[in-house]
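Feature annotations, courtesy of TrEMBL:
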- 96-516: domain 'Major facilitator superfamily (MFS) profile' (DOMAIN)
- 21-42: transmembrane segment (TRANSMEM)
- 154-171: transmembrane segment (TRANSMEM)
- 178-198: transmembrane segment (TRANSMEM)
- 204-225: transmembrane segment (TRANSMEM)
- 237-258: transmembrane segment (TRANSMEM)
- 264-282: transmembrane segment (TRANSMEM)
- 347-368: transmembrane segment (TRANSMEM)
- 374-395: transmembrane segment (TRANSMEM)
- 402-421: transmembrane segment (TRANSMEM)
- 427-450: transmembrane segment (TRANSMEM)
- 462-486: transmembrane segment (TRANSMEM)
- 492-511: transmembrane segment (TRANSMEM)
Amino acid sequence: MPSFDEVLKEAGEFGRFQKRVFFLLCQTGVTFSFLFTSVVFLGQAPGNYWCRIPGAAELSERCGWSLEEEQNFTVLPLRLGNRSSSGECERLDVAWDASVSCASPLAHYSNGSVGNLPLTPCHDNWVYKQPHSSIVSEYNLVCGNAWMLDLSQAILNLGFLIGAFTLGYAADRYGRILIYLLSCLGVGICGIIVAFAPNFTVFLIFRFLQGVFGKGTWMTCYVIVTEIVGSDQRIVGIVIQMFFTLGIMILPGIAYLVPTWQGIQLAISLPNFLFLLYYWVVPESPRWLLTRKKGEKALKIMHNIAKHNGKYLSPHYSEITISNEEVSNPSFLDLVRTPQMRRNTLILMYAWFTSALVYQGLVMRLGIVGGNLYLDFFISGAVELPAALLILVTIDRIGRRLPFGIGNIVAGIACLITAFLPEDIPWLKTTVATLGRLGITMAFEIVYLVNTELYPTTLRNFGVSLCSSLCDLGGIIAPFLLFRLAAVWLELPLIIFSILAVVCGLLVFLLPETKGISLPETVEDVEQLS
């Protein structure tokens with residue numbers, strides 16, 4: 001009986017059928033990047049807000065004040081009398097009632113000097129010029145509540161973490177396409193609920209669930225594409241990540257055209273329902289079917305692939321070699337039970353963690369340096385395109401391991417140099433830091449491909465999901481590590497990033513090279529990789 005790779009060569013390793021499936025699934029990268037980075041626009045700081053004095057709403061209505069006039073009466077005297085206060089996080093400790101004059105509402109309390117009036121912290125009575133422009137103004141995530149905006153992104157990353165474990169396991173047990181479609185449905189439904197959440201608690205719960213299902217769509221589509229193409233075509237996994245970058249470049253356009261956060265949330269969530277149409281055009285992974293002892297279904301799909309590719313399978317291809325491994329439900333022990341699998345798993349987990357931590361740390365460090373938020377965000381996405389192009393040029397010529405390791409080492413050295421460059425040449429610091437981001441972006445994109453190629457079919461989705469969960473852990477830790485250490489010394493985070501990246505680059509050279517080899521079907525295949 002022929003092996004699966006022999007049948008795939010006969011049917012076409014990257015013909016019309018695979019190109020169509022590849023293009024369709026690439027759109028998942030766009031929507032996932034929307035979810036991953038949307039907090040930048042959902043959580044924009046409100047441009048103009050102040051703390052309202054109790055009774056000010058009724059007085060404003062009675063006196064016929066505009067919002068600007070109410071702000072002048074409320075905040076301007078406070079700024080004149082207490083120059084350290086902006087009126088955003090504290091207010092004058094007074095209350096306006098029917099006896100207050102419309103012409104001079106504070107005259108009754110000030111006794112000639114506004115500076116003598118006590119101040120009190122503001123808790124829940126803020127006024128915003130644009131009340132529905134972002135979740136910050138919608139749920140009062142300002143002043144003492146500002147940390148809750150960071151919490152919303154941490155909750156999303158926690159959802160990614162849980163999704164990697166649960167849906168990665170489910171995709172290996174119940175099938176790639178089933179979990180992909182259920183995940184798309186979940187992202188869409190949860191996204192709608194997030195847009196109309198009545199309070200911040202409901203917002204957090206369904207943002208967490210959107211993270212769970214979002215990770216399911218991203219990881220599963222990646223594995224499907226990798227499993228239906230030949231070993232020489234698996235760099236399509238890198239191209240999928242270019243669509244992630246494309247999403248980063250599209251998002252500011254959506255945010256610019258849509259004025260409210262609810263509109264942005266719906267615009268980035270509703271496209272997931274379109275992916276449900278893939279039920280009729282994207283098949284189950286035949287590799288996965290073989291591991292579940294469903295050879296007839298796998299062969300039927302291979303005949304269909306051959307037909308669409310203009311090829312014809314030989315009549316003697318009536319059966320395909322089925323994995324001799326017993327069908328079992330994957331567990332973490334399967335990833336560390338044998339020496340080669342154990343080494344691969346531990347190094348890949350560290351590589352995922354480091355890539356996420358250094359990548360997000362450098363992005364947050366560079367930040368958005370004034371100017372136009374939408375244009376700056378677009379440019380920050382465009383910076384990532386050269387990394388993907390470099391990978392496409394080198395990965396099939398010199399292999400995976402060398403650019404993977406060098407990307408990490410370049411990022412580490414760039415971080416170290418940036419830390420000790422003098423402050424009076426900011427353009428050089430920014431240039432070297434950008435070089436570091438280019439290096440870590442290369443490493444980040446290659447780890448997806450290498451992770452997929454180093455696990456057998458029976459454990460592939462679970463292995464990729466489990467290892468990539470360390471990426472989400474790095475994403476949760478990155479902001480805390482950056483800001484806590486920067487409080488000690490501004491450049492200290494760069495020193496930590498440098499150490500992590502260089503160590504990762506060295507460890508990567510202990511992994512086997514996977515250029516041009518067939519995807520391993522069993523644990524024994526992995527153990528035989530040199």
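Quick reminder: no glycine exception, Cβ is built from N, Cα and C everywhere.
Unlike curated entries, TrEMBL annotations are predicted automatically.
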Give, as a single whole number between 0 and 100, the mean pLDDT over the domain 'Major facilitator superfamily (MFS) profile' (96-516). 83
Is it true that the transmembrane segment (264-282) and the transmembrane segment (402-421) have 3 or more CB pairs under 8 Å, sequence gap of 6 or more? no
Quick one: do the transmembrane segment (374-395) and the transmembrane segment (427-450) reach 3+ CB pairs under 8 Å, ignoring pairs fewer than 6 apart in sequence? yes
